[in-house]
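Below is a structure I'd like to ask you about.
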Amino acid sequence: MTLLIILILKYLLCLENLKNISLQISKNNTINNINCENNFNNINKSYSINESNSAKNDFVKFLKFIFFHAF
């Protein structure tokens, strides 16, 4: 009888551990997904800023070219 109670308690403890592990994995996946989204957003922002700066630089080069060749 004691052995049966011990086995049942071990089984319940195992289930509790599995539940905790599952919750931890779920939390980690959520955190990883948020980090991935933030990294992707940061990459997009960085790319658009660089693209904008590149367009400005090209426009400035174009204006300098016109100015120096006009005079």
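Backbone N, Cα and C define each Cβ position, glycine as well.
Taken from Swiss-Prot, the feature N-linked glycosylation site covers Asn20, Asn28, Asn44, Asn50. The signal peptide annotation in Swiss-Prot covers 1-23 and is backed by sequence analysis.
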Distance check, please: Cα of Asn28 (N-linked glycosylation site) against Cα of Asn20 (N-linked glycosylation site), rounded to an integer number of angstrom.
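Cα-Cα, rounded: 12 Å.
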Can you name the residues of this chain that are 6 or more positions from Asn20 (N-linked glycosylation site) yet have a C-beta less than 8 Å from its C-beta?
none
Note down the number of other Cβ atoms within 10 Å of the Cβ of Asn28 (N-linked glycosylation site), including every protein chain shown.
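Counting Cβ neighbours of Asn28 (N-linked glycosylation site) within 10 Å gives 10.
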